[in-house]
Each structure stands twice: as C-alpha cells, then as structure tokens.
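Feature annotation from TrEMBL assigns compositional bias 'Basic and acidic residues' to 147-156. Residues or ranges marked as domain 'RWD' by TrEMBL: 1-103. For 124-159, the entry in TrEMBL reads region 'Disordered'.
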Amino acid sequence: MELEALRSIYEGDESFRELSPVSFQYRIGENGDPKAFLIEISWTETYPQTPPIISMNAFFNNTISSAVKQSILAKLQEAVEIHLGTAMTYTLFEYAKDNKEQFMENHHPINSTIPISSIISVETPNTAPSSKKKDKKEQLSKAQKRKLADKTDHKGQLPRGWNWVDVVKHLSKTGSKDDE
C-alpha cells in the first residue's frame, strides 16, 4: 500500500527513483547544487516493524565527506526510531528535504575525482605520434585524380553496372550462326 502511495505522490518528480519495488532513491536538492545529496531507502522483509536500510553510498554522494554522511544517517535513524511501526519512506524523504541546510551545514565539497583535462593531457602525447604515422594516405597525381573523377559520379562512386559484360557486343564479335 505504501508503494502505491509513493508512486502516486512522486509521479513526475525527477528527484524520485524507484530502483525496485522495495528500494527507492531520492535526490535532496537540485541537480548541480553542491549541497545536493542522494538518499537510498530499502525495505526489509519485516518493514515497517523493523527499520529500513538507509544508504548514502551512491556515486552522486562522492563529494560529501564521510563525517557529513554519518551525521545525516544518524539524524535519519533518529527519525526512523520515532516512526517505527508505521510507513515512513515518504516521511524520511520529506524530513531530509526540510532539513537539508542543517544536514549540510558542515559540508565542504571534496574533489576526489581527477579533472578530465588532466586525463586528456596525459593520454594525448602517448597516442599522437603513432596516429600520425598511420594517417598517411596514398598521394595521387593530378592525372590519376582526373581519371578517377571521370570514372565516378559526384559522390566518388562508380556508376551502376560499370563492370557488367555487354552481352550484345560480345555476341556480335564472336559471331553467331544467324550472321552466316
């Protein structure tokens, strides 16, 4: 019943994602917001009598320090204790949305990723010399180019039937019994 309620409440909400019928993700904050984070809630078999599994291990949260993640999870666990025995997924998502600023007050983005520009600059020198040698094409003389252009159409393709045998001319050259 809670599943149907979540689907109807968050229908069309880009922040909500149903991973499976018992696992959900919600992005708190706008896309591109440095203080945005993603919460994943998974129901256990005995949910709501037992607490759901709350996780912040999504790749989206890589810039958040583990201390801030632990703080958020601890505050969400307090909310879980209060609502134990009732359907609480919606309540937890809304609680996180309402307290986003408080949750992220100690957040200082960590830059754990390598900038793309440094990856490109490292890779480029190694591959450039070998590709120059392979890119050399056969050079045609002016006469060869002209001859090729005369044989082909404007797209550089040979006309249809260029290699067909002309049956009529062939028969006339060999001669047939009708000609005698």
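The chain as shown is numbered from 1 upward.
Cβ from N, Cα, C; glycine included.
TrEMBL labels come from automatic prediction, so no person has curated them.
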Please count the residues of the compositional bias 'Basic and acidic residues' (147-156) that DSSP assigns to helix (H, G, I), strand (E, B) and coil.
5 helix, 0 strand, 5 coil
Roughly where does the domain 'RWD' (1-103) sit in mean pLDDT, to the nearest integer?
85
Can you count helix, strand and coil residues in the domain 'RWD' (1-103) using DSSP?
43 helix, 20 strand, 40 coil
